[in-house]
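These come from TrEMBL:
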DOMAIN    6-319  domain 'Sulfatase N-terminal'
ACT_SITE  Cys44  active site, nucleophile
MOD_RES   Cys44  3-oxoalanine (Cys)
BINDING   Cys44, Asp253, Asn254  Ca(2+) binding site
ACT_SITE  His107  active site
CARBOHYD  Asn169  N-linked glycosylation site
CARBOHYD  Asn388  N-linked glycosylation site
Amino acid sequence: MLFLQMGWGDLGVYGEPSRETPNLDRMAAEGTLFPNFYSANPLCSPSRAALLTGRLPIRNGFYTTNAHARNAYTPQEIVGGIPDSEQLLPELLKEAGYVTKIVGKWHLGHRPQFHPLKHGFDEWFGSPNCHFGPYDNKARPNIPVYRDWEMVGRYYEEFPINLKTGEANLTQIYLQEALDFIKRQARRRPFFLYWAVDATHAPVYASKPFLGTSRRGRYGDAVREMDDSIGKMLQLLQDLRVADSTFVFFTSDNGAALISAPEQGGSNSPFLCGKQTTFEGGMREPALAWWPGHITPGQVSHQLGSIMDLFTTSLALAGLTPPSDRAIDGLNLLPALLQGRVMDRPVFYYRGDTLMAATLGQHKAHFWTWTNSWENFRQGMDFCPGQNVSGVTTHTLEDHTKLPLIFHLGRDPGERFPLSFASTEYQEALSRITQVVHQHQEALVPGQPQLNVCNWAVMNWAPPGCEKLGKCLTPPESIPKKCLWSH
């Protein structure tokens, strides 16, 4: 499973004019492309929790109740993480004899109880957080990089990132980890590889051979290197003659972060806004499935898909069924991929604890709208640069629950022209969506919120293995307090 942070418009096969993703484009030509595929949240941590549990963040606890409709994730000071009560995909795949590895960003909690090897993974090379920094190791520590149970260094120290030039060798390291794992496991045991690299997340980086090679700036350099890496993985599967027994899926955890554009942000074109928002640009993702000999090449599936579907689909591929003791939001995509079926299902757009919007068929209803606060916007934080839509891209949280804004995403994918409240189309769409939303909310049992409490003392001061490296740091005196989420 290839899980990166990229926008819908970043791939050549999705219309990016520079055409700098030949391997992903070939993956689409040899497999199936989903034009209507969604993350479960417009932010990284909740989206990843949804991917590995098959459940909306509101169910698995990856949200905050500290403020209404606020995005939240897992920075170093967060106290919470993935609950033990959640059953993650790698845990379940063990029942079918799978060996599992995560390469790259975990982002489901960094305290010992949230370690990925305690939640089903057999191997890990990567980091519990994103590569933010560098820090002074006094007010805030640099973020550790782990091999399995122990840290092997920290970003900006043993794993340098040059913020001025953008040079870092991390993607090449992550690629080699993936290739070595595939070589070890191919023909021996069934395997699950979760390749979750973050080079396209600001601060964007690429290795020296790729820097300056893209027409799109540094972000394009990072995209080109990731595309090249994916090409090498697919080629290895073919060289080892296991391609026809290996299902590969590529997608993203949220839309491109336009706040970092243009030099360090991608493209969500033709959709509205980007990461952090529940407009299409924040949650509609590129998605490609590849399985030679099983998926008919060059297919386009108009199935409404979700990253949560990868949980259920992966279990089906392994001959397993999802847990029956909890609500599972993911569908099995194999009928869509192998038989061309399109199953009717809603897509729910949550921001924190709030259902902001829902899509059913071609119609999307917004119950709440906002981008970010006026305070943040005036400080230069713009989630929708150059895309102001009056009454839609608001900087105050607007309540439309009594009369939702409804868009036809086929005619208006950019969400610029809401249907007339008086039209028959609006009334019919509202009736259908209202019924589905009511059913969803009536049955919903929210999980215990994991993203409410912060404590500077729980940051990555002394991760396991720090003694061997002489990298243990002393935490400050701190007490737990409410996390402040401003957007």
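Positions of Cβ are set from backbone N, Cα and C atoms, glycine also.
Heads up, TrEMBL stuff is auto-annotated, nobody curated it.
Residue environment of Asn169 (N-linked glycosylation site) contains 14 other Cβ atoms, counted within 10 Å of its Cβ in all protein chains. Note: the CA-CA distance between the residue listed as 'active site' and Asn388 (N-linked glycosylation site) rounds to 32 Å. Taking all protein chains in view, 12 other C-beta atoms sit within 10 angstroms of the C-beta of Asn388 (N-linked glycosylation site). When Cα-Cα distances from Asn254 (Ca(2+) binding site) are compared across the recorded positions Cys44, Asn169, Asn388, the shortest belongs to Cys44. You'll find the Cα of Asn169 (N-linked glycosylation site) roughly 22 Å from the Cα of Cys44 (active site, nucleophile). Around the residue listed as 'active site, nucleophile', the same-chain residues six or more apart in sequence whose CB sits under 8 Å from its CB are Gln5, Tyr73, Lys105, His107, Cys130, His201, Asp253, Asn254, listed in sequence order.
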